[in-house]
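Record features, source Swiss-Prot:
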type	residues	note
REPEAT	12-51	repeat 'WD 1'
REPEAT	58-97	repeat 'WD 2'
REPEAT	102-141	repeat 'WD 3'
REPEAT	147-186	repeat 'WD 4'
REPEAT	193-232	repeat 'WD 5'
REPEAT	234-252	repeat 'WD 6'
REPEAT	253-291	repeat 'WD 7'
REPEAT	302-338	repeat 'WD 8'
Amino acid sequence: MGKLTLLQCLSGHRGRVWGAGWHPRDPVLATCGEDKTIRIWADDGTGRWVPKTVLSDGHTRTIRDVAWSPCGRFLASASFDATVAIWDRRSGEFECNATLEGHENEVKSVSWSKSGALLATCSRDKSVWIWEVAQEDEYECAAVLNTHSQDVKKVEWHPNEDVLASASYDNTIQLYREDLADSDWSSFDTLASHDSTVWSIAFDASGSRLASCSDDQTVRIWQEYKPGNEFGVACPDGKTPVWKCVCTLSGFHSRAVYDISWCKKTGLIATACGDDMVRIFREVAGSPANEPTFEMVASKHAHSQDANTVEWSPTVAGLLVTTSDDGDVKLWKFEDDE
């Protein structure tokens, strides 16, 4: 088992806090919420996190998600006002240098590809958009993907390839890639196992596994099987990998599971749930790759209302952030007993 310890509660947002994003290198955190603001927090050098900046002029409605570019210079924010704002902190101060328009309804999620050359967004309008970063302040729409039949909740890029995953109210996950012959983006696999809305998804460090969480109160682990794999899983065209559900975590959550994060440093999975709890799971050592088992190693009543977001720090092992309907942002430290 392990121990989850509260390090600090960051107060400042008014109303629900929807999203949080760690800077890829620096001890900096961005959060966003119902109050239409983005708040930037930083470690003051002593381990205490302090407010640095409030960005309040980019959106006219709730801000649902924030994501830093891989280089750490740009911050993208997705809003219920149907736009995505791109913030540039080159000069040290944040400036909104682009507003991406095109979605017809609330934008729910935003994600940068590993190279930073592509940005994905998704919306209540059932679409996923892929944007090419032409220049630092120019973004061109490369694809509009209308594969889902309902509200799209989350987009997440593969950590090593230009492969995109999206999760939807239609209970499915779609996987997309570009056909290099004609530059068209399309779905190459539909992952359908959940019984209700898929709220969030997260790749592991290798990108060969994907975790998903749902309104059906479960977490599912999906495994990629490439052509000629040792397990004998057939790939229909002999070229395209297929993804299979290899593990279902059920009985741990008592409400909808709203977010999931797979730590790239430790392999631990964290979930944020509608029962106000945060839970940590670890793969059981020695469990087979195509039939893995996971155990819950920590749980904490983290908030007084729904836990909306959980995200592991990309730079500090065991550090994670949670956000909630209760208006708080909390920083936690997980320590393993083993």
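Any Cβ shown, glycine's included, is placed from N, Cα and C.
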*Contact set, same chain, for the repeat 'WD 1' (12-51): CB under 8 Å, 6 or more residues outside the stretch*: 58-72, 75, 77-79, 87, 94, 308-309, 311, 313-316, 321-325, 327-329, 331
*Averaged over the whole of the repeat 'WD 3' (102-141), what is the pLDDT?*
95
*Long-range Cβ neighbours of the repeat 'WD 8' (302-338) (under 8 Å; 6 or more residues past either end)*: 1-22, 24-25, 27, 29, 31, 33, 39, 41, 49, 255, 258-266, 268, 270-274, 276-278, 280, 282
*Go through the chain and flag residues at least 6 beyond the ends of the repeat 'WD 6' (234-252) whose CB is under 8 A from any CB in it; none is fine as an answer.*
175, 188-189, 191, 193, 210, 217-227, 279, 281, 290-294, 296
*For the repeat 'WD 4' (147-186), give the DSSP counts of helix residues, strand residues and coil residues.*
0 helix, 23 strand, 17 coil
*Secondary structure composition of the repeat 'WD 6' (234-252) [DSSP: H/G/I, E/B, coil]*: 0 helix, 8 strand, 11 coil
